[in-house]
């Protein structure tokens, strides 16, 4: 292919390294025959990884091998050809073992108990025949029908589990697709953003801090501080430095390769793509590793524990029932029941204790909540996250970009002797040069000077200010726009800038200066970047070395020798060594850079020593601005006549570190980042929910406290420091080692206290100090923290007070803390590293979504408790009492095994699903967070409500209806109880067929009573405290139309069971007298009214015994 670039009079924008290239008419021919041919058959993954050799060849040969050009990249036509031949840059998902999934669907959950019941029902009895056809007796079609029903239950349950799983996977896939990954590549001589899936072999990818590596790359250009996070590949958390040269023969160990799904944690680089999609190292490892292992969520562990307990109880009762029959009833009352009937009746012990709807509701609820959260633009990366959100007790939030809008702007500018608002400084640019701008803070007359006209670069303060803000900057224009060109700019027509919010604000300020005075633009436009040390959260400063273009050209010709000859020359700070033309610009935290400054520039361009008085003056200005919520940066410069650009990057960086002294402090700039509008109200809601909110930031202490006050994290006037923590008063109040770790948290009765700590304080904290801090203080602000310190803070909080810790952040420096937290929450506009480390991503950067997410997590657990409470009193307890009465009280079973199974897997499931769609109760976000370690899904309060409240009302109601019906048939209480084998032909003058008809109809009456009693249970369970008068399901804020739909559905199921001709023939169901349809509604109303009385007592006497027993 041939590429021709037309001549341009404008200098193209540097692509990440400040290397400006003036294009002339140029022809580039690339022979695509040099490209490695696509293999006809895929290699073994291990052999393919071992065969990688691109790291062993020089950089210039890399361009040749992959048919690309270092500044032009690939042509569009070549990209299309490669996309067609190689496919999209997508790693295929590991193969799913569907047969294992199918086995889990069929035998998982409570289905294994259904299988036991089925096998027992169909198992051989009397040695030779099946249960439904006992030896010497006519076939019992009823038993065969029960077995068939159990098989239908298994099939339907398995199908439903599969559908829910498939729907959940589909929803999660669609939610995750909301994050469109993009990559910056050089194509046709321009740097452009393209979908990461469209990257092809030969593309030149431009990476910067915080970005994910989109394909396997060979590094061809890099900054000296380049580092990668390879933990996803290696499991090691240590950062790996980058390199231009091979450091190992093994492709997995060399440092000059950037592999897919690793992250740039520091620095910038260019890399040539040598593998995409399944041909990347990650793609081959995925194909080798097979299917991803499934990890149980917190709530699934709860359900599994509950399942094991219930299953153990059910199997024990089943065995006990058969044991009583075999040991006692069969010998003492021969003829009372046959073996077949005893087996089928005992199956009720299995079905009665199986809340078949619970596993379905768990899967369904998590899917429903995930869908709701996606509508709020909240990406849930794992369903496990949802339930854990409800346990959050501490929220540690970053400041910039999380609590604040991330829309920074320079608000203040100050020299030693004068301070200005940025708006006035720019609007009166010409006056600023003459020092006639009215300063916003006072300066003595003796300090105001009238400089003589100065033209040299370093002694013109505005030119210096412009040069530092433009060149000592990690942000860049997204287009070819550059403020150093001769384009016309206005403050209202700001170009699109890509970069850190702080650097973006500084670059916008520089662009605004360029717009009102071309001399500043021309002055700084003569300089290009020669070397750069980007900002990092540990140093808290950024350094750039710039050179005059003429000096740069000279160095290219003769090297550093010409400059080294001038080593003996003495340099005066206020005189520009134009013959050297090399400068160090530094921008960073004042408290870090002040000790490195030896002189300070005044507003007239003159330079004076930076003594104690000057430091105090600027320190006071920093404190004043910081207390107003501004981020303050110091801008410094220093000449570098002996800059040795030929040194290796690592040696050059070390040399520059040693030169970081005797700087000239030029000015301070104050940057304001306003809090997000929704943050104060969101934090108020979170704190009302019992969640403590801490700020963890790398910003200055006073700035952090100011923002914390604005958003409501700090509410007290008095803020303690580390000295107060270590005071004898607190040390005596909290002796070392006397408080158990789970109890290390403030008491609700204690007054609210605030504390601010710096990163240095955090490093010095002892375990006893942490005990005091987390026991005594409710409001905490951590300032000037590094990533390691943030992680230490999170781990220390997690280790105390049974806390579930959530961390919010958006930057690379937040990633360690996000990983260490129980729940990591990243902003959608944040770095790829942060989003990868987080479990939750706020796609719209909406902090107000966090309390919604907490509420959703609590709602899942709350609704599952309600489902359990709904299923057990009637669906389990009342059914079990029917079986128990048959075995121990010698009466005919009041509820047939068919109706037991049918009630458990149809009526109960239909009604319980409606509970999963319940909305949050009014007090849900006023309760204390759930303790994930001690607060179980089922506790003694729940069992009290199930068995000693609702169960003791439901079972007698159903049993009484059975006795009433028998009484109507002339059979009194003692005529049906303790009769055992007397229940035979001629008992009380009735034939056996008549007695059987009575039993069948009585069983249907018992079943119908259970169905309608559940109406009262359901309406009572919908609210823990609030009356149904304020939360009915038909209208209002708690409207849930699935409740009446479920009621109608269960009634229809009951009608079909009683009146279906086929069911009547097989399962001996029968219509019931009309008078028995009405009383169950009265029982349901009675249960509802009793629960209303209980709720009223709880509301009226919240500290009473009844309230303490409430679930």
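One is the number of the first residue shown, and numbering goes on along the chain from there.
Just so you know, glycine gets a Cβ as well, placed from its N, Cα and C.
Going by TrEMBL, these are the annotated features:
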DOMAIN    53-126  domain 'Cation-transporting P-type ATPase N-terminal'
TRANSMEM  102-122  transmembrane segment
TRANSMEM  142-164  transmembrane segment
TRANSMEM  303-329  transmembrane segment
TRANSMEM  341-369  transmembrane segment
TRANSMEM  942-965  transmembrane segment
TRANSMEM  1005-1021  transmembrane segment
TRANSMEM  1041-1060  transmembrane segment
TRANSMEM  1072-1090  transmembrane segment
Test of understanding: applying the rule of at least three C-beta pairs under 8 Å (pairs 6 or more apart in sequence), is the transmembrane segment (1005-1021) touching the transmembrane segment (942-965)?
yes
Sequence-remote partners of the transmembrane segment (1005-1021) [C-beta within less than 8 Å, at least six residues beyond its ends]
866, 869-870, 873-875, 878-879, 882, 894-895, 899, 903, 907-908, 911, 914-915, 950, 954, 957-959, 961-962, 965, 1028, 1033, 1043, 1046-1047, 1050-1051, 1053-1054, 1057-1058, 1072, 1076-1077, 1079-1081, 1083-1088, 1091-1092
Sort out the residues at least 6 away from either end of the transmembrane segment (1072-1090), same chain, that have Cβ-Cβ distances under 8 Å to it, and list them.
949-950, 953-954, 957, 961, 965, 1001, 1004-1005, 1008-1009, 1011-1017, 1019-1020, 1028, 1058
Top stretch among 303-329, 341-369, 1041-1060 for CB pairs under 8 A with the transmembrane segment (102-122)?
341-369
In terms of Cβ proximity under 8 Å, which residues at least six beyond the ends of the transmembrane segment (303-329) contact it?
109-110, 112-113, 116, 296, 336-337, 342-343, 345-347, 349-350, 352-355, 358-359, 362, 868, 880, 883, 887-888, 936-938, 980
Counting by DSSP secondary structure, give me helix, strand and coil numbers for the domain 'Cation-transporting P-type ATPase N-terminal' (53-126).
43 helix, 5 strand, 26 coil
For the domain 'Cation-transporting P-type ATPase N-terminal' (53-126), provide the mean pLDDT of the predicted model.
82
